[in-house]
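J.: So Swiss-Prot says this about it:
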- 1-689: topological domain 'Cytoplasmic' (TOPO_DOM)
- 1-31: region 'Disordered' (REGION)
- 22-31: compositional bias 'Low complexity' (COMPBIAS)
- 61-281: domain 'GB1/RHD3-type G' (DOMAIN)
- Gly71, Ser72, Gln73, Ser74, Thr75, Gly76, Lys77, Ser78: GTP binding site (BINDING)
- 458-482: coiled coil (COILED)
- 690-710: transmembrane segment (TRANSMEM)
- 714-734: transmembrane segment (TRANSMEM)
- 735-785: topological domain 'Cytoplasmic' (TOPO_DOM)
Amino acid sequence: MASAAPINLRAQDTPYVPPTSLPTSSSQTGSTARIQIIDDEKKFTPDLATQIERWGLRDAGFSYNIVAVFGSQSTGKSTLLNRLFGTTFDVMDETRRQQTTKGIWMCRGKDMGVMVMDVEGTDGRERGEDQDFERKSALFSLASSEILIVNLWEHQVGLYQGANMGLLKTVFEVNLGLFGKKAQDGSNGRTLLLFVIRDHIGQTPLANLQATLTADLNRIWESLSKPTDLKDRLLSDYFDLAFTALPHKILSADKFESEVQELRTRFVDKESSDYLFKPAYHKRIPADGVAFYMEGIWEQVQTNKDLDLPTQQELLAQFRCDEISAVALAEFNEQAKSQKRPVEGGRVVEGLGAMMNNWRTQALTRYDRDASRYHKGVYGRKRADLVAVLDSTLSPLFLGQLKNLHKSCLVTFKKEMLDGLHGEDYDFANVFKRAREKSERTFSEGGKEALVEGTDWSWEEELELLRDEIRAVADQCRKDETTKMINLIERNLKKHISEPVELHLGKASPDMWDEILRVFRDTLDKAEKTYLTKAKSFNCTEEENTAALDALRKRGWVALRAKIDEQTADPIILGKLRNHFEERFRYDEQGVPRVWKPDDDIDSAFMKAKDQTLDLVPLYSKISPKDTSLEFNLPSESNDSFSNDDFDLSTSPVIFTETKCLDLTNKFRRDADAYYVEAKRSTVASIAQIPYWIYGVLVVLGWNEAMLVLFNPLYFAFLLLAMATSYIIAQLGLVGPLFQVTRTVGSEIQRQATARLREHFSQPVLAEPVQVGPSRDREEVGQIQ
């Protein structure tokens, strides 16, 4: 690439200075300031883009035009441009006749969206035989401009070198290489060659001059070496020709100015029929890419490489589209970054879909606005790349939003289920339906809102996952509610069978188990009906109902066995046996308590009551109803995870084993023997009472002592005092406390006396002999018998 060269706005009469040190003329405004884009050392300036922005054309898009002038040195090219477009190019000092324009300069037309290039003249004495720059500048001008103004004098028409026909031949060859195939496929690439014939005096009509130039151009075209596939192409397929004549600038100054203004109108008036800037001539390079495009062309020209303008346009398009895409993407990333943290934090962002659509639309709109002017293929590819990057940035936000919606809706569903299942009267199916519809509706609305237009994203798959989790949660809730319902039914069943079981076990009878099992079956049937009634709203399957009923039956049986085991524990069953024995031994058939007399047959009554009571032990030992239809058959298996098999189901009717029965029998026998001994003692006490005659003997023998007390004043006074004291103590209720105090004092006196005697005689403390109650009772029974 050519070395940088800054803006050069030097005056005509100042010596030439390299562009790097030339300041902008203070007499030029920013909109008409000129810039040397290529200096005489063939270096391209890096400041063209900045100058285009100063001209106010950077954002013009395609609403601009480029025109270049081509011709011999000192033919008034700069003057013509200044008159036509209001530019500020340096013009020649006619008194010195030296080169004015060096390199290529550019200036914006006054009040026009036109960038005008003033190209160094050909055939100048300064360059002499060096035609390299002439060819390169002609090639550069043709590749860059829409209209190439060929400036020549009238007397040069018909000449070959004087009319620059040799250079035009080079231009034609270059143009054929540049636009041959492109024009053949029907796309743009045409250029207008505007021949401005200067110093026209009118003797030779313009039409004749036009015919001469046209013939010369066609002859040159025919002499070109064309590729085989382009040999039939005509000059008119690539170039449009236009001709105009201007009178002498000095000899006919007024007419010259009027003709120039008329020619200017053809550049300005778009409504004019002979308007020169036709759309077909435009190179379709956006204004903001002109500097980069021209620099690329000049670099190719400088290195003598084959100049492929379509490739240059694509390279420019790639460069500019990448720049535009980067700017749009930077702002887009800043916008997306603001919502990244909330989404990653698990929060559902309200209106995220609208924001993402807005961000994406803004980025694409910004890209389309600035990049759509460039090469369509490159623009389309870069747009697709931009869309892919935008979507890859938004996709995590979209998926995160769906994930957060999923969690939120699942939490809402659980809450709705728990709230709906409170209370007594609820329909599980309705609660589940309302909660599910609400959660799915919320997720669907959020998923639709989060969807970005123009993408192939979908939220239906996530909705299916949510539905699966909702079903799993609902199944767990249904299982929990079913378990709660079974537990409640079980508690009610226990409550209803508790009292009847206690009642029937307390009054043992041969049909005791029939009554207990009948009550149990009735209660269990009611419990099963209650379950089936409530289970309808749970949408339970037949298998689930069967399993639940089996579990309920097993739980009911376990509850019954637990109650029976409670009522047949050792202390309780022995109490029942004692009560049964007492009712038959201590009471007669009418329920009157018996008072045993020596002549009563205690032994027979005892044996009868004992045998009847012992007959109850086998009755209590096994649940065995007389009516076999009342026997309860447990389910073979149960899926109830809340019950444990604490006993063997095959032996569950057995309450007492044979060993247990023998143990209970022995314990009861000992209790019964105690009752028998007690009865025998009561008869012995009645036999050993004091005879009545003893009381008469006591009166006779104690009469004198009684008289002594009664007739002795002292003794009688003490007797009265003792009687009065006893009466007062009895009236005040102090008899018991007095006896208690007396016993306490006596015990304390006895303890201290015993301790003193032990200390005195050093006698050891002897333990009381162990007395065995039952054996002693048996000895006493033997003695009595």
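Along the chain as shown, the residues are counted starting at 1.
Glycine too: its Cβ is placed from the backbone N, Cα and C atoms.
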J.: For the coiled coil (458-482), what's the model's average pLDDT?
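T.: Averaged over the coiled coil (458-482), per-residue pLDDT gives 84.
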J.: Below 8 Å Cβ to Cβ and six or more residues apart, same chain only. Which residues does that give for Lys77 (GTP binding site)?
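T.: Same-chain residues close to Lys77 (GTP binding site) (Cβ under 8 Å, separated by 6 or more) are Val69, Phe70, Gly71, Thr101, Asp118, Val119, Gly121, Ile149, Asn151.
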J.: Counting only residues 6+ away in sequence within the same chain, which have a CB under 8 Å from the CB of Thr75 (GTP binding site)?
T.: Gly121, Asn151, Leu152, Trp153, Arg198
J.: Ranked by the number of other Cβ atoms within 10 Å of their own Cβ, which of the binding-site residues Ser72, Gln73, Ser74, Ser78 ranks first?
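T.: Per the Cβ count within 10 Å, the most buried is Ser78.
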J.: Including all protein chains displayed, how many Cβ atoms other than that of Gly71 (GTP binding site) lie within 10 Å of its Cβ?
T.: 25
